[in-house]
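According to TrEMBL, the feature domain 'Lipase maturation factor 1/2 N-terminal' maps to 1-113. Positions annotated as domain 'Lipase maturation factor 1/2 C-terminal' by TrEMBL: 264-363. Look at TrEMBL and you will find 75-108, 128-146, 183-203, 215-236 tagged as transmembrane segment.
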Amino acid sequence: MFGPGVVKLTSRCPTWWGLTALNYHYESQCISTPLAWYAHQLPEWFQKLSVVGTYLIEIPVPFLFFSPIRNLKMFAFWLQVIFQLAIILTGNYNFFNLLTITLCISLLDDEDLGYSRQGKRLQGLQKLVVRLTSLLVYGLLIYWTVHYFNLSINWPQSRVDSQINFSEEEFQSFVHGSVVTGMWIGSISLACVILAAIWRSLVCVPGVFGKVWSVLQVIIFTLVAVYMFCISLPSLTQVDRDAYQNLAPIVHEWHGKSDFLQLSHSYGLFRRMTGVGGRPEVVIEGSNNLTAGWKPYEFKYKPGDISAVPAVVAPHQPRLDWQMWFAALGSSRQNPWFISLIYRLLTNQEEVLDLIDHNPFQSLHQSLSEQSYTIIISLLGAKIQRTGGEEKKWKHTLAL
């Protein structure tokens, strides 16, 4: 969560720095949901405030995952769950958000999961210290949010005004300190868990054989956990060059050897906001007659007819429709698979046509002669259609 929050600002995207990213997000994302239309209609001040909330949930709140205080950990848990549910309601991102919620379940304890065993109750001074610490953390989060995003209530217009109140240099310094702090917090947290597990194995497990077997299991899991922690550090530190370069060479070596397994990864969703000036959309059309005009291939989920209601797809992942969104953001050189798609449509390959909602030449393909087949190949092309402006031909027109 920390990485996606940071890269939104380190990318220097003007919409993220201007808190206007959500003005474009709901209509420019890959596959919108019906509720995305309503979210897009919300007033601009609320959209800006939502961006502020995104920064709050993605950047400082994840550090509370490591909090030894239960209510702070639960606060972080519920913020993440609500955030992921909001994304699910307004966008189709297959099972990504469900996986994030699943990871957050690790923040819960036995009492939260409905077990009868009650947690240790704090008494006296301990209870007071926990409450004061919690209030201090909540107060700092509120103060920093108000200060660094210059929040103010505009009573005459009944809105909350906001704007970023820090420089790029100040944020970069913050990122460096946060990455280093995060590595130390992670290291200490992992060490405490390991020591506690060894202590329980030696004290709570009966019998010599039971103790030895339990400690052996702890050692095996410790080796795996330490290895996983180390190979995750390059992914974490990619947002800060100095911290990345200062990692031990053995950590880079381990990460390099296991990288093909994708055990860890730096995730930077929507590093730069798309659709600022109109959403580009690739439209595939074909013709078998020079004067009859062009007929479009309709996709199942990819936006085509702008009057159609968006679909609810998640957790299904319509890979072709998803990739068509990326194709519209680049050129045919950056998406060589697109040439193969055109070829498969021309050759009427059943497995590919099953991914298409409507094939305008289905009856023609069934009785196609070699001569007319050549005509379709020569006339089939692709263009980009912008919802916010006039149609423009793709400079890499695919006339084969």
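Including glycine, each Cβ sits where the backbone N, Cα and C put it.
A TrEMBL annotation is a machine prediction, not a hand-curated record.
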- [ ] Can you tell me which of 75-108, 128-146, 215-236 gets the most C-beta pairs within less than 8 Å of the transmembrane segment (183-203)?
- [x] 215-236
Task: Mean of pLDDT values spanning the domain 'Lipase maturation factor 1/2 N-terminal' (1-113) - done: 92
TODO: By DSSP assignment, list the helix, strand and coil residue numbers for the domain 'Lipase maturation factor 1/2 N-terminal' (1-113), in that order.
DONE: 81 helix, 2 strand, 30 coil
- [ ] Using DSSP, tally how many residues of the domain 'Lipase maturation factor 1/2 C-terminal' (264-363) sit in helix, strand and coil.
- [x] 27 helix, 14 strand, 59 coil
